[in-house]
């Protein structure tokens, strides 16, 4: 990282040297006398970086290139190279802006990699601390090298680019139900708590008679320093893993208090500008009114865009590839629109929450994944950059002035008032909450009130003319932010452990819980109805129209999760018997999972010609080779394929698999009725009523080997989402059918982490027989008994 | 343990529900109030004891009092119902929701019925069966293909039932 930093410094030096030799190009050059101007926030520029970067390029390193402007030196240098064609040219100014940005991103990312090199280190020190320290170091380097601070956390950059990514990510993936369940508490803390903090801090600082600044300044400072910061909270709490309720309360508070902060900030700024003596009563009311407008407006903007997004994604079936783009664009536009109207932009988390529900239902699986990972990547990078810049900005001494009294008082006050505020509000809240927040929760909550980059950006935005004490404020803010993020971040983990705070258990949801929780919701609604209350559940259930397939999706997710965990487990004791002969002909004994499947596709006769493309196996990551049974090589103890393992194999391949396994063995066993085939075939035919042709086709054409189901399953997979849903629906269904076959011969050595199915084998006959009647061509007894085969070996 | 104001309000509600003013509610009255609830009929059935046709006001209050949030909120669900009264713990009420024939076990058909009622229009029959199958698999520890009360409670041990099944209205 240091190398990169040095490289950055050398680049402009090099640029200057060659710049002097090259005809000057680009608008970014400016005279060396004006670099300080370029450091100020320039919202007009597309990014803060060019302003900064151009200052860098106008470094005192080279005199010739930067002097005076492009005109004269260019004229002076032209004669040098008037003639020839230059094979390689140094086009620094051309690529300058994106280059610098990319380099910064690279530095941030490499920093992250390096942190995680040491496992022990990362568990103790939260990432945010490390990033700030790194920023400090980098800032120091830059300062030393160039005697002047070149990079700052530009508030425009922060508010326009960095914050939206984080907030968008937070909103989109917010657990909506938990959020709304605790909304009362969250709102209380956000509004009341922040107001309390702001006023108390401001008044007390003023009362301490520091700096001789007036009340308004202190109130302003109190407003911006008292807001809990979402970035910092996310960064620190992410590593601590407290239970969800606690996290959502603190995090929700940090998001929603933005409205309060924005209003207070603006109100006080205008008061400061006007002068404290001119403030009238009406202005206070305007302040309150503007709070309402800001908060409600921000929420509304978010919701409007969420609706638009949901609406648009309904029609994107033909353009799946740009679906993620819609999501990002609209979420970002929501943010910018809120900023446009000076509303609280962070409240567009509601956009994310609202959009999530509809969008997830509308877009394809791949788009969902894309959205998820891109958002998380961007948010992570933004967070990294923010912390690094925080560190860098701290080093610039010219921006701040130290006042010990102010700093220490501020620290004390914010901690004190936060604690008091939390305790007071919790006491009131507990009278209304179902799940009271106990002392430990309160401790964590007050300790977790971290300040972060938002406060810093706001303080940098202050106008030094109006607020005379700005530099002191900047220094104090830096110290406060550092203190909370680093000290509190470092100590919160041991604190949480010491207090035995209930951690998030990461428990896997079971289908039982889902079912019963749903039933409970209905029960509670019923109770409320009976008792004549229009309670929370009453309203919640009224909006249950979008909770249709939640249970089913939960079911699928559980299955998928089981499949993945089984892949991880089966790698150990349980293995599929590597049939020697034919298996080897596949290539290598340790061939990859995918390859094995592909390899078997063509091995199955005729009707499977259709399956050219690999069936996407949604859950199993191809990288899990080491866990895979098939990699274990030949001759491994062959207990069986565990029941669970059968689940991971896509339904359409199960037949192929069984076929191939059976073909490996020459053992003949009494053919059991080919049950597994039928449920799938018939179920598919029932569900896929819209495409009967594709069913009957292969079915009719296939040899009586029960291969057709596999065959026409493949084309299914390639289709769009609604079909995918059916496909996925069938898979667990049929795999459920498969289980009874397996369970009867439960393999000895396989770890049975999920409870083993113990359904009596007889049960499978009933639905299968019924379903069999729906199938046109009764397949031969090929597939069924072969599923037994591996277990017998 | 219920305040007088609440009692009065509940009494008014009781009278409102009691369409024929007979002084006690029949199941039809309650079901009418729960017309929108997909498992309304079951819930009403769970409240009534076996063979009981009518609910008079004290029983009405007692039933609703099941859902009072309890003081001990951080413990697991209270296992022992009050021996003196007829009160059951919330989880047994939930259990009876599934177990209509009161044989102490939830069989697959019963579970299927509940699922069908809750999800019926949105999910197909096969899907329901898969879900039911999976649910029984998960909860079933004694391999009898049904879920008894202990298994039911165990499958929900991570869920704090008391929290889930409490409505704050009888302070």
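Heads up, the Cβ atoms here are built off N, Cα and C, so glycines get one too.
Remember, TrEMBL labels are computer predictions, not curated facts.
What TrEMBL annotates here:
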- A:1-15: signal peptide (SIGNAL)
- A:51-80: region 'Disordered' (REGION)
- A:62-71: compositional bias 'Gly residues' (COMPBIAS)
- A:106-498: domain 'Cation/H+ exchanger transmembrane' (DOMAIN)
- A:124-144: transmembrane segment (TRANSMEM)
- A:156-174: transmembrane segment (TRANSMEM)
- A:186-212: transmembrane segment (TRANSMEM)
- A:218-237: transmembrane segment (TRANSMEM)
- A:246-268: transmembrane segment (TRANSMEM)
- A:288-313: transmembrane segment (TRANSMEM)
- A:325-355: transmembrane segment (TRANSMEM)
- A:375-394: transmembrane segment (TRANSMEM)
- A:406-424: transmembrane segment (TRANSMEM)
- A:444-464: transmembrane segment (TRANSMEM)
- A:471-490: transmembrane segment (TRANSMEM)
- A:707-793: region 'Disordered' (REGION)
- A:748-760: compositional bias 'Pro residues' (COMPBIAS)
Contact call for the transmembrane segment (A:246-268) against the transmembrane segment (A:471-490), three or more Cβ pairs under 8 Å: no
Tertiary contacts of the transmembrane segment (A:288-313) (same chain, 6+ residues out, Cβ under 8 Å): 171, 258-260, 262-263, 266-267, 323, 326-327, 330-331, 333-334, 337-338, 341-355, 357-359, 362-363
Folded-back contacts onto the transmembrane segment (A:156-174), same chain, C-beta under 8 angstroms, at least six residues removed: 41-43, 45, 47-49, 230-231, 234, 248, 251, 255, 302, 327-328, 331-332, 335-336, 339, 345-346, 348-353, 355-356, 371-372, 375-376, 378-379, 381-383, 385-386, 389, 453-454, 457
Cβ contacts the transmembrane segment (A:444-464)/the transmembrane segment (A:325-355), at least three under 8 Å, sequence gap 6 or more: no
Selected stretch (most C-beta pairs under 8 A with the transmembrane segment (A:218-237)) from A:186-212, A:325-355, A:406-424: A:186-212
